[in-house]
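Asks: Attaching a single structure in structure tokens format; questions to follow.
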Amino acid sequence: MAGSSLRQVAVFGATGSIGASALDVIARHPERLRASLLSAGSKVDELLALCATHRPAHAVIADAALYPALRDGLRALGLATQAHAGAEALDALASGDVCDTVVAAIVGAAGLPSTLAAARAGKRLLLANKESLVLAGELLTRTAAAAGAEIIPIDSEHSAIFQCLRSCDASRGVRRVILTASGGPFRGRDRAALAAVTPAQAVAHPKWSMGPKISVDSATMMNKGLEVIEAHHLFGLPGEQIDVLVHPQSLVHSLVEFVDGSTLAQLGLPDMRTTLAVGLAWPERVDSGVGGLDLLRQGRLDFEAPDTAAFPCLRLAWDALRAGGTAPAILNAANEVAVSAFLQGQVGFLAIPALVEHTLTTLPRHNADSLDTLLFADAQARQITERALAHHALHA
């Protein structure tokens with residue numbers, strides 16, 4: 001990016017933790033970055049507060065019933081920001097000239113349409129919505145390639161691989177990539193101990209500040225399983241070339257092993273502002289507000305194999321990747337329903353992988369030849385998981 005050009009950034013999911021980190025980086029560089037569009041799901045008061053601070057040209061609330069509150073709130077603040085509501089408005093703005101860069105941070109499958117719209121329009125896509133890749137990875141990467149869109153991953157692990165691969169012409173020289181995992185807050189516990197885990201315990205991640213759904217995914221290691229599927233789509237690698245290592249310090253974010261015996265790794269403090277700064281300024285580097293890594297102070301780096309017996313979600317994700325077609329979409333949808341039920345206290349922690357496995361084995365796999373096919377598989381998986389939940393409630 002030329003130093004004199006102003007990058008117009010849309011932040012989808014602005015009221016979440018990734019949105020907050022993105023806006024922090026943007027605010028540090030007013031001479032080169034501007035938040036031109038902010039969106040939120042239903043947190044209209046938080047969205048208004050962000051608009052007052054960042055003064056975007058446009059603000060979108062997904063819940064159309066909250067449009068009057070957004071419109072009137074912007075007027076009361078004396079802002080020229082235009083109010084919009086609904087998914088169609090967001091998709092249209094993502095496709096238009098309001099932005100050249102999109103931070104896709106809407107949680108869950110709800111983020112897919114706007115992510116696809118941005119890709120279709122050839123935008124730089126800072127992808128934090130992992131469900132877009134898991135649900136429709138082939139479609140998204142194909143769409144981006146056809147439109148000349150640039151996908152830069154924001155997950156720390158995929159950003160690390162992106163940075164390592166961009167350091168050389170490595171298109172044919174990769175032996176494998178190794179995703180690191182913190183192990184979550186319950187690393188080392190057996191299934192008997194995991195049965196007693198509460199939602200409050202599961203959302204308290206020891207290293208990263210994240211929303212509740214992603215925190216639970218980290219606790220079950222489904223987060224890492226989804227990242228394996230993402231890495232397959234982002235970097236064109238089969239599952240056999242994607243490994244996972246538990247690294248509790250969360251300082252080595254991922255590694256790339258090359259055929260010549262070299263291994264490159266990217267290290268840094270666990271802070272999403274680093275990867276967002278990479279995506280916003282690439283190929284340049286800008287201050288993210290994150291300090292440097294003091295290895296002497298850290299003292300040690302530990303690595304261990306993941307325990308897939310205690311945390312079967314990682315195994316289920318590999319199973320879905322090997323099955324291909326609609327299987328990853330089924331995995332993702334079942335997990336969203338199961339995690340939501342756990343957070344609401346309807347089921348225990350160990351019910352999450354059990355429900356996901358039930359749905360994966362119940363639904364037949366089909367070729368993922370269109371978005372409609374994928375969305376139908378998503379809807380079917382949700383119905384089957386909800387039915388299994390109702391059965392669980394009756395027999396609890």
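A Cβ is built for glycine as well, from the same backbone N, Cα and C atoms used for every other residue.
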Asks: Swiss-Prot has Thr15, Gly16, Ser17, Ile18, Asn129, Glu131, Gly211 binding NADPH. Which one of Gly41, Gly188, Gly236 is in the same site?
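Replies: For the NADPH site that includes Thr15, Gly16, Ser17, Ile18, Asn129, Glu131, Gly211, Swiss-Prot also lists Gly41.
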Asks: Name the residue, out of Glu88, Glu138, Glu227, that Swiss-Prot lists for the same Mn(2+) site as Asp155, Glu157, please.
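Replies: Among the candidates, Swiss-Prot records only Glu227 at this Mn(2+) site.
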Asks: Just how many other Cβ atoms lie inside 10 Å of the Cβ on Asn129 (NADPH binding site)?
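Replies: Asn129 (NADPH binding site) is surrounded by 27 other Cβ atoms within 10 Å.
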Asks: Given the binding-site residues Ser17, Gly41, which one's Cβ is surrounded by the fewest other Cβ atoms within 10 Å?
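Replies: Comparing Cβ neighbours within 10 Å for the binding-site residues Ser17, Gly41, Ser17 has the fewest.
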Asks: Residues with Cβ closer than 8 Å to the Cβ of Lys130 (1-deoxy-D-xylulose 5-phosphate binding site), same chain and 6+ apart in sequence?
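Replies: Listed in sequence order, they are Asp155, Asn223, Leu226, Glu227, Glu230.
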Asks: Counting only residues 6+ apart in the same chain, whose Cβ is under 8 Å from the Cβ of Thr15 (NADPH binding site)?
Replies: Ala40, Gly41, Lys43, Glu46, Leu47, Leu50
